[in-house]
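Scroll down for the structure; my scribbles are underneath it.
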Amino acid sequence: MQDKNNLCWLDMEMTGLNPETDRIIEVAMIITDSDLNVLAQSEVYAVHQSDDVLNKMDEWNTATHGRTGLTQRVRESSHTEAEVEQKLLDFMSEWVPGRATPMCGNSIHQDRRFMVKYMPKLENYFHYRNLDVSTLKELAKRWNPPVAKSVVKRGSHKALDDILESIEEMRHYREHFLISAPRAEAQ
């Protein structure tokens with residue numbers, strides 16, 4: 001099942017944007033082939049954090065994660081960051097050899113910053129490159145605004161939904177923004 005051309009898509013929800021003071025509270029992964037066909041998806045993991053950590057969330061995170069039910073799921077979860085890291089490593093290694101896939105998603109550098117701090121073995125399994133859909137979004141805004149405006153975002157702020165939305169957005173840019181030439185077999 002391992003294929004070096006498979007892509008691993010990831011999304012995390014965090015208590016805030018600063019890995020020095022905030023923590024991971026939800027994470028999920030999806031594996032696609034190089035044509036963006038979904039091959040597998042991980043479990044969606046709510047990562048337990050203490051009330052002390054959750055009570056430090058700002059207004060936006062408190063409201064958003066409260067509305068989605070994530071805050072309650074985090075309180076009820078028994079999954080630690082280390083346990084989730086190992087489960088995701090096990091899942092990922094079934095589909096992709098180590099350091100083969102870029103980390104794929106939207107604003108994925110932010111997830112990577114948290115991974116370096118709280119899930120370093122998982123971060124190390126990825127290639128050092130990122131496939132960041134938000135880069136295409138920023139380019140489309142500047143070079144082809146109608147393409148950028150035609151992307152429909154739901155913004156649920158749930159890890160699995162956000163990954164699926166990122167894959168769909170990448171498909172959109174592939175079809176409407178990237179120039180397609182006859183495809184040679186990947187080497």
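Positions of Cβ are set from backbone N, Cα and C atoms, glycine also.
Residues or ranges marked as domain 'Exonuclease' in Swiss-Prot (evidence: sequence analysis): 7-170.
The active site feature in Swiss-Prot is assigned to TYR128. Around TYR128 (active site), the same-chain residues at least 6 positions away in sequence with a Cβ under 8 Å from its Cβ are ARG99.
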(Q) For the domain 'Exonuclease' (7-170), what's the mean pLDDT in this predicted model? (A) 97
